[in-house]
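The structure appears below as structure tokens.
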Amino acid sequence: MLNYLNGTAGKLWEICVLPYSSSFALNPTLEMELDQGKMDQEPGRPTWNRQIEFTLAGIGCAVGLGNIWRFPYLCYRSGGGAFLVPYLLMLLVMGIPLLYMELILGQYMRRGPVHALAKACPLLKGVGLATVAISFIMCTYYNIIITWGLYYLFSSFQSPLPWQSCNNTWNTPNCTNHINPNTSSHSSTASQQFFNYRMLERTGGVEESGVLRWELFLLLLLAWILLYFCIFKGVKSTGKVVYFTALFPYVILLALLINNVQLPGAMEGIRFFIVPNWEKLLELEVWVNAAAQIFNSIGIGFGSLMAMSSYNNFNNNILKDTLAISITNSLTSILAGFVIFSAFGYMSHLQNIPVSELAVDGPGLVFVVYPQAFATMPVAPLWAILFFFMLLCLGLDSQFAMVEVMATSLMDGFGGPLMKFLRHKEMLVLAVCSTAFLLGIPHVMQVGIYVFQLMDHYTAIVSLMFLAFFEVLAICGLYGVRRLSANLKEMTGNRPNIFFRVCWMFVAPLLITIILVFTIIQFKPARYEDYVYPPWAQGIGWVIAMASIIWIPLGALHTLWVLPGSFTEVLDRVGQYPDFHIVILSFSHPRTYGIASLVHLGA
């Protein structure tokens, strides 16, 4: 055992090199084990009233707006039904195993992602900080989509729908009610003009900030008020709300599907969705897109589900939740695909053009293409109201999780001081929501759509891929599959089967590495429709991306800095004991102790 006295802090640091499963005694009255689960259980930590509440909250977190627009778009771009083959395969070998990994760690450590990853692998503790940073950044602009949904929802309470014709004050002379291959490229539909010129009143580019859109500002405030009252009591209030927000969207999706399949041309759209174009399977991009969609849709790397699982009972059977969340998420995407493509088939029938010319990437799929289909349906306002109310439920569910990550991490790290100042957790949640609301104000200015697209591009594409890579490295590589398996056995009495262990050790790390490399090679600067962002805006985008990524190297440097000895001495010490678990013990008081693992080498 190596002793080192830190004179400035007045603490004794002991670096112990111990076998993987060793236990030891500090004195006759105080014993410790290398068992973080037992050591960290909190009798006072809140738990879900019923386990079904966590399952529904997890489903609500995973099932979001991406299921409605990104999945159908990727199917359209990747050969329709051909995309389902790699999509379902990636669900099996990557989505389910990695979600299982996150939920095990969160439930065992009983902490949010910051402290759970700091305990599992302090060398990469910055990954936990990065998950909180990326979730908070995303929640500041994700609520803008809910704001747009509210705008469309309230606009739907009129007949005819305001985007149904070109006879409005905001329409321009090049407005058209029909898409035609021979139409001028400068023309746009009534639905497009409602989105761009009525709701957004967008400027010509990010260089022109424009003025505040007061209608959107008030709706953004309403969205945050709704969110706050859904989660202000923590899991106690969220657990009640998810019974409605997680289940009601399926009622609306089924109603929309029943209506859409009866429309002329609907079968043509469904055929495009399910009939594979097998040649597309030879393209690497299709497989990478399928893996990335599984990763983004389930929410691996955001820390949201890890934070939620930390409120589970310690002995909860986490495999059932994993299967319920991941499979339901994918089935929802497929159900949404039938709904969206049946509407596309109807539009292609009306306008006599191929289905492939109707799909639009990003928000346009939800706020331009689909509303355009509503305009010609029987009882159009009713279907529009149901659809945008469904979007509200889906968006709120995902927002619950992203805000909860920040609140949980703050409570885990600074709960005592914060409660002395704020008195109640409700005030902490209010502070988080208020800060995110203020940061979201630029999105409700006339330049908002350009700010939104810039942040989404550099956060959801660039940051997330780096974060995912290092999370898998931290948990599967350094913390170790053997250690993770032991954690699961302690909680449930059973170790994971060989399938999960192989996916954790080989398949998932390989796939994540391929996705990261492909993302870097194929990376394209942000753009919105035909508008290309200037270099200074791209620079701001990279700053936004680094706001989350930077915590990973900073966390590693901090861990190495606080260890006794020089940097090279620390590395030499690690290298001398490749088959042992290096543990750092810190004693600041005879009756208190702390423990953190640097790496689980050989695990």
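Cβ coordinates are placed from backbone N, Cα and C, and glycine is handled just like the others.
Just so you know, TrEMBL annotations are computer predictions that nobody has curated.
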Look at the disulfide annotations in TrEMBL and name the partner of C166 from this list: C139, C175.
C175
For C175 (disulfide bond), the one of G60, V63, S297, L394 that lies nearest, given that the binding-site residues are compared by Cα:
L394
Looking at the binding-site residues S297, S398, which one has the fewest other Cβ atoms within 10 Å of its own Cβ?
S297
Need a quick answer: max count of Cβ pairs under 8 Å to the transmembrane segment (286-311), which of 54-72, 211-229, 323-347 is it?
54-72
Nearest of the binding-site residues (G60, V63, S297, L394) to C166 (disulfide bond) - Cα to Cα:
L394
Okay, the transmembrane segment (502-521) and the transmembrane segment (211-229): do they have at least three CB pairs under 8 Å, pairs separated by 6 or more?
no
Do the transmembrane segment (428-452) and the transmembrane segment (541-563) come together with 3 or more C-beta pairs under 8 Å, pairs six or more apart in sequence?
no
Counting across all protein chains present, how many other Cβ atoms fall within 10 Å of the Cβ of V63 (Na(+) binding site)?
28
Spatial neighbours of L394 (Na(+) binding site) that are distant in sequence (at least 6 apart) but have CB under 8 A:
G60, V63, G64, L65, N67, I68, T245, P249
Under 8 angstroms for C-beta pairs, at least 3 of them, ignoring pairs fewer than 6 apart in sequence. Is the transmembrane segment (241-258) in contact with the transmembrane segment (126-154) by that rule?
no
